[in-house]
Every structure is written in C-alpha cells, then in structure tokens.
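Visitor: Below are the structure tokens for one structure; questions will follow.
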Amino acid sequence: MAEQLTEEQIAEFKEAFSLFDKDGDGCITTKELGTVMRSLGQNPTEAELQDMISEVDADQNGTIDFPEFLNLMARKMKDTDSEEELKEAFKVFDKDQNGFISAAELRHVMTNLGEKLTDEEVDEMIREADIDGDGQVNYEEFVRMMLAK
C-alpha cells in the first residue's frame, strides 16, 4: 500500500514518525503514541492505544516500526479524512475557538508536538494555507490544505 506514496509524502511521514519515536530507537511504543496523542488534546485509553498499534503491527512485536507506520498512513490517506476528523483536528489548533488558526496557535500546537519551529517557518506554513490573505487560517482553508496532501 505504501508504494503509492510520493517521496515527499514519505519524507513528511518520516518526520512525523520521529515526533512519535521519542527515544529514537526506530519503534513507536504505546507509551510514545499516548504521549503524542495527549499533546494533541486526545485522551486515549491504554486499550485504545494497544488497538491502534496492533492494527498495523505486522510482525506482532507490540511496537510500530517505520514501514508499518507508512502502511498505516497510506491506509489513512486512502480513507481520506472524514468531515468529523477534520473538524476535530481544526479544534486542536484553534485554541480560542474563534474559527481561525493564528500563527501563535499553530506555533503552540507544533511546540507541544516537540517541533521547534522558527517564527519564519510558522509564518510560511500560515502563508501556504492562507488563501484569502488575512494572516490566519479559517476552516475552509484548513480543509483545503488537509485534502491537498
């Protein structure tokens, strides 16, 4: 399934994988998965985390390695994000719930994920998604950005 991914997508997923793989050992454990999900405002139970891992854990060793992660991401992309998932994701970024993602809100979420971005990088991300040029990202722009991936 991962064969259908572009090199750019694989590089992005590699970056995402290393955000999850806190200790850099090449595997994502339930603990690491939980940490990242909680930093995104989710609160998965231990059982839910186990389920997520065993769903893609091809060699049944209890962790996710990069090839397994790629398969998971390829599968998720095929299911393309449901309206509901996109609304949830937007809420994670839109901290003050005003219907817009500001540069500060984007920086806050990325920092929680352990991603240290320069102001320039954050501004660049906003610029890429900001179609109407008001300096922030509304829900429409967010959906367009997520579906363009």
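Including glycine, each Cβ sits where the backbone N, Cα and C put it.
Keep in mind it's a predicted model, so treat the numbers as computed, not measured.
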Visitor: Can you find which of GLU85, GLU105 Swiss-Prot lists as binding Ca(2+) 3 at the same site as ASP94, ASP96, ASN98?
Guide: GLU105
Visitor: What parts of the chain pack near the domain 'EF-hand 1' (8-43), using Cβ distances under 8 Å and only residues at least 6 beyond its ends?
Guide: 2, 49-50, 52-53, 62-66, 69-70, 73, 91-92, 109, 112-115, 149
Visitor: Reported as an integer number of Å, what is the Cα distance between ASP132 (Ca(2+) 4 binding site) and ASP21 (Ca(2+) 1 binding site)?
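Guide: Per the Cα atoms, ASP132 (Ca(2+) 4 binding site) and ASP21 (Ca(2+) 1 binding site) stand 36 Å apart.
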Visitor: Hey, what's the Cβ neighbour count for ASP132 (Ca(2+) 4 binding site) at 10 Å?
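Guide: Its Cβ has 10 other Cβ atoms within 10 Å.
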Visitor: Distance check, please: Cα of ASN98 (Ca(2+) 3 binding site) against Cα of ASP130 (Ca(2+) 4 binding site), rounded to an integer number of angstrom.
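Guide: Computed Cα spacing between ASN98 (Ca(2+) 3 binding site) and ASP130 (Ca(2+) 4 binding site) is 16 Å.
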Visitor: For the recorded Ca(2+) 4 site formed by ASP130, ASP132, ASP134, GLN136, GLU141, which further same-chain residues have Cβ atoms within 8 Å of the site's Cβ center?
Guide: PHE100, ILE126, ALA129, ILE131, GLY133, GLY135, VAL137, ASN138
